[in-house]
Amino acid sequence: MSETASPAALKKLHIKTYGCQMNVYDSERMVDLLRPLGYAVSDQADGADLVLLNTCHIREKAAEKVYSEIGRLKELRGEKEARGEGRMTIAVAGCVAQAEGQEIMNRAPAVDLVIGPQAYHQLPELIARTTRAKGERLSADFAPEDKFDALSSERHVTGVTAFLTVQEGCDKFCTFCVVPYTRGAEWSRPVASIVEEARSLASKGVREVTLLGQNVNAFNGDDGTGQESTLPRLMEALSEIPGLDRIRYTTSHPNDMTDELIRAHADNPKLMPYLHLPVQSGSDKILRAMNRKHGRQAYIDLIARIKAANPRLALSGDFIVGFPGETDKDFEDTMDLIRTVGYASAFSFKYSKRPGTPASSMPGQVDEAVADARLKALQALIIEQQQAFKAELVGQTIDVLFEKLGRHNQQAIGRSPWLHSVFAEDAAHLIGQIVPVKIIGLGNNSLIGELEKVYAKEELA
Ligand code: SAH
Ligand code: SF4
Ligand code: F3S
């Protein structure tokens, strides 16, 4: 596209997102910022005018992917230029940009722009400068300033569920983890700005919102009177919003599960009975070395209190195997904890040595093959628990939020309170609705449901 093209002419933006839900949220916000500049999202990098890699630094594999992706983009850029279609701008955002900004610029000269997770509100300005300079490289350093002030509360959404960042950063410094370095210190958004964004989402048909934060249950945003709010109080305020009927939050640290928050799981009917509460390991020795700041029994007791507040609540978690110093006995303690707690789902990872973290220089780094075997065993146990949890739902009637159309027979696909996909036939009229569905079978990674009836228009929200 030539520089004299009309400003309304669309430029193609391709954005690739790695890592956690917060990166998904950030990518959506970056698209929101770039739309007024005439960018429209393209699902292909080939031919794009701007490619944005929103990166993750959490494990080595995730971080390394970025460099191979940049190599591929360089070729696409060459082809685009050869076709006479102008230059492709390549920008690296996210946690790798924050952690290795300088290294990216040294190692990958094809990159035009490096921008960290706290600075992306400056994207429009930086892009404009980069395009003019044709290849100027700019890095944006960690800026604790409030990017949320710069973001509009109006969002472009099409679905019935959405992520909403309410807290960012981490002060916990688990010894394996880069997040405190990539996302900075814990910071919470003011309640009013979150409520405004949630209202906007609800007005566009969003029925379920997932509140995001690296330590979301440590949320302490300004409540509007200069006092600190809490996550349960924020969720109460959000529960008042008409149309917004389901609330979730992730990720939580066990030490920030306050009594007030546990009570919310009993008292707030909009709060979904599903909690992601990572423990990482079931061994006291390893938990200490990880600086998780709580022991095995404290976690087990906490789970018991949460389940007492809401017996329908199910758990998911994160586990790391092969942390430095982890013996067979330590690993067995983790397996035993999983058996004791029982998970509806879990993510599990082989420990990955991250530069600059205390664990990377700890003695007793675990042999790759041993870690592989442990991961396999742990994942088999989790899959078993996951299947058992799903099997228990067969025959029960559960509330399902229908999200999208399926392939045939007026089929629609929705989500259960525990984030299972639920397929039901003759449900195409129910997109955006929450209705009771009888679970009659299990699919591959899903539940098969049956409607109790066909709904008349007047019955629907
Ligand atoms: N704030 C969240 C975690 C964010 S990272 C929390 O405290 O749970 C998501 C998950 O990645 C972590 O829970 C952990 O299980 C995993 N993880 C983090 N650093 C890792 C590393 N160096 N190697 C392997 N897994 C890691
Ligand atoms: Fe990382 Fe620990 Fe903070 Fe979670 S709590 S982001 S694992 S340092
Ligand atoms: Fe990855 Fe950054 Fe999220 S390191 S997990 S994208 S906070």
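Note: Cβ is positioned from N, Cα and C throughout, glycine not excepted.
Among the features that TrEMBL reports, [4Fe-4S] cluster 1 binding site is placed at CYS20, CYS56, CYS95. Other C-beta atoms found within 10 angstroms of the C-beta of CYS20 ([4Fe-4S] cluster 1 binding site) number 19, with every protein chain shown included.
Other Cβ atoms within 10 Å of the Cβ of CYS170 ([4Fe-4S] cluster 2 binding site), summed over all protein chains shown, number 23. Positions annotated as [4Fe-4S] cluster 2 binding site by TrEMBL: CYS170, CYS174, CYS177.
Per TrEMBL, domain 'MTTase N-terminal' is recorded for 11-132. Looking just at the domain 'MTTase N-terminal' (11-132), the mean pLDDT is 93.
Annotation comment: TrEMBL describes 156-388 as domain 'Radical SAM core'.
Residues or ranges marked as domain 'TRAM' by TrEMBL: 391-453.
A 10 Å cutoff on Cβ-Cβ distances gives CYS56 ([4Fe-4S] cluster 1 binding site) a total of 21 other Cβ atoms nearby, all chains included. Counting only same-chain residues six or more apart in sequence, the Cβ atoms lying under 8 angstroms from the Cβ of CYS177 ([4Fe-4S] cluster 2 binding site) belong to ILE58, CYS170, ARG354, THR357. Look at CYS177 ([4Fe-4S] cluster 2 binding site): DSSP puts it in coil.
Close contacts with ligand 1, defined as a Cβ under 6 Å from any of its atoms, occur at CYS177 among the binding-site residues CYS56, CYS95, CYS177. Candidate binding-site residues: CYS95, CYS174. Fewest other C-beta atoms within 10 angstroms, CYS174. Highlighted in sequence order, TYR18, GLY19, MET22, ASN23, THR55, HIS57, ILE58, ALA62, GLY94, VAL179, THR182 have their Cβ within 8 Å of the centre of the Cβ atoms of CYS20, CYS56, CYS95, the residues recorded for [4Fe-4S] cluster 1, and are not part of that set.
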